[in-house]
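S.K.: Let me begin by handing over the structure; questions about it come next.
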Amino acid sequence: MEVLATFTLNFVYSSATLALIVLGLALVFGLLGVMNMAHGEFVMLGAYSAYVVQSFSANFLWAVPISIIVCALVGWLMEWAIIRHLYRRPFDTLLATWGVAILIRKGIEAIFTRDYKSINQIMPETVEILGITYPSYRLLLIAIIISLFVVLFTWYQKSKTGLRIRAMVRNPELASAIGIDTARLSSATFIIGVSSAGLAGVLLSPLVRVEPYIGLDYLLSSFFILIVGGLGSLEGLLIGSAVIGGSDALISTIFDKTAGYMSVLLISILFLWLRPDGIFSRR
Amino acid sequence: MKRRDFIKSSLTAVAATVTVQTIVGRAWGGSALKVGVMIPLSGPAGLFGPASKNVSQMAADDINAAGGILGRQVELVFADAGLPPAEAAQTALRLWRGDGCEAFIGMHDSAVRGALINVFKGQVPYIYCPNYEGGECARGVYYVGETPAQSVVPSIKWLTEENKLKKFYLIGNDYNWPRDTNAIAKNTIAELGGEVVGEEYMPFTVDNFDSSLAKIKETGADLVIITLVGGASVSFNRAFASFGLSDRVLRFGTLIDENTLAGIGAENSKNIYSAAGYFANVQTDDAKAFAQQYVAKFGSDAPVLNALSQSCYDGLIALDVIAEKAGEMSVASMENAAEGMEYDGPRGHATMKNKHLAMDIYLANAVGAEFKIVKSFRNMEPGNFCKA
């Protein structure tokens, strides 16, 4: 019984955090067709924002707006200087954003060195839930992520901006013909995408290791989720996260971590082979 | 700078170098002795690069101030050992055959060591510095790092006796160092009448340890022996503490160094133990003098010292002592000279036996983000791997 409760909570936790990390990448790729190889670096920037806030002995919550400002600024600059000129050239954006990723990594390394940074938890204690002891902060994180997705989903479906974005994605020429400023909208979408990665970095920072190279790990797991879930839908993103997080957690619990990781790779290969557009295909 | 100025200044520099080399060459009765220093400058262990470089330079300066090796001034040639083994081996070959390095110092993983031994084939002296799994006796290779017989075995015994431990859980990354170290740990656990309740090896890509933590809890392990490396160790230990396991379950590892501990964080470090021949916090006169010299030379912001970077100092000192005893820089003479050579370094007194060093080992307990020495094991034998 305890095993089942632990498994369930771990499964929900890893799916939720994966979904939060991949959200921005899916948004940017699904809506703008830009594969942002620097996505993980924005998660890293978020984590370092939390570190900076901590080194000034300020409240952890300050890291949330600071990370969003930092990522939005870097994202805006990146979109304005590079991405904007490469829309509809997926391979070129891939290379360009990979270059930016290296630049961000090295920049952070130059400022903060390669040393590991430790960010304190705001809720280090554990609670009794479903008969087991579980970290309180993880439960808080699950709640935050679920609320965030509900808000985002509603906003995308109901708001005018959501409608404009959907129009732009379906038919950019027509959208711009009826007066939608697609350039501004694309820029905004990109900035929101990378800022969400920064937010993910802040929220996860007390639980994970923090060093300049962590972005690569997040990029890799994000790819697996996009392969399974497909591009351009929130449902696909959530299901992709659940499939990847779930199979890893399940197989690792029954066998060991090597088998768990192998199952993730196998699932990704099978999807690429048999359903290259993922579970929820828009195209 | 204008082009003409550049050429002029370059030529001056070249002329100056030539003159200096001639003078130095005359003064010291020979050309500089080039020593290849293979340390990780990139990759996952690149974190240890800057301190290793500093420490190596400090050792070379100390040796040169005392007259060099065999009367020749030591010139270090640094190269990246953080690359895949085949590439690191190519680099070493270039340093050896191309740049004329006559000896090598290595602070890198076991896979790179294997590749370098294959390149050198016992024709050039090679000092391997960091702690490793033990078991080797290659020609021309001298090991100054700790072996499991020195660090793991006495530490597990001491921790078990002090804390009445019964159940042990082993977790590491999947390569030879963790597996070989754990094979030795398992023998010790069996001797002590303990039980191994779990043994897991993780791919390097893993950063989620939830399923392992659930197993550790379920099996009721008293001590977790950690042979995870670098970032994996940080992630594992942070998650370990967040599940509230650190109050009851002890953790021990021989690669949990000062950097890793900083990443684990003060609030997650309760009941972590580490064993090595050196910690930045060792309070012997030799160790304190070493740490003070390091700060005086590189400033108080210099990259933090640990057993890995410090081992580069012992590597160069050992090379000096062996070469002086042999009277020449050749493997044939050094093979005989190495056995029984002794020196006093930052780690205290060391004696070479069967190409490894008998030395003092410290067991440290993490208190916040610092290590405090709780037990010293005097003059530990490295084990004999040179039996036919």
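Residue positions begin at 1 at the first shown residue.
Including glycine, each Cβ sits where the backbone N, Cα and C put it.
Sharing the feature lines straight out of TrEMBL:
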type	residues	note
TRANSMEM	A:12-35	transmembrane segment
TRANSMEM	A:56-78	transmembrane segment
TRANSMEM	A:137-156	transmembrane segment
TRANSMEM	A:188-208	transmembrane segment
TRANSMEM	A:220-246	transmembrane segment
TRANSMEM	A:258-274	transmembrane segment
S.K.: For the transmembrane segment (A:56-78), what are the same-chain contacts with Cβ under 8 Å, counting residues 6+ beyond its ends?
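M.R.: Answer is 38, 42, 45-46, 49-50, 97, 100, 104, 119-120, 122, 187, 190-191, 193-195, 197-199, 201-202, 205-206.
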S.K.: Against which stretches of its own chain does the transmembrane segment (A:258-274) lie, if we need a Cβ under 8 Å and a gap of at least six residues from its ends?
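M.R.: Beyond its ends, the transmembrane segment (A:258-274) has Cβ neighbours at 223-224, 227-228, 243-244, 247-252.
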S.K.: List, by number or range, the same-chain residues at least 6 past the transmembrane segment (A:12-35) whose CB is under 8 A from its CB atoms?
M.R.: 42-43, 83, 86-88, 90, 93-94, 97, 138, 141-142, 145-146, 148-149, 152, 165, 168-169, 186, 189-190, 192-197, 199-200, 203-204, 218-219, 221-222, 225-226, 229, 231-233, 236-238, 240-242, 244-246, 248-249, 282
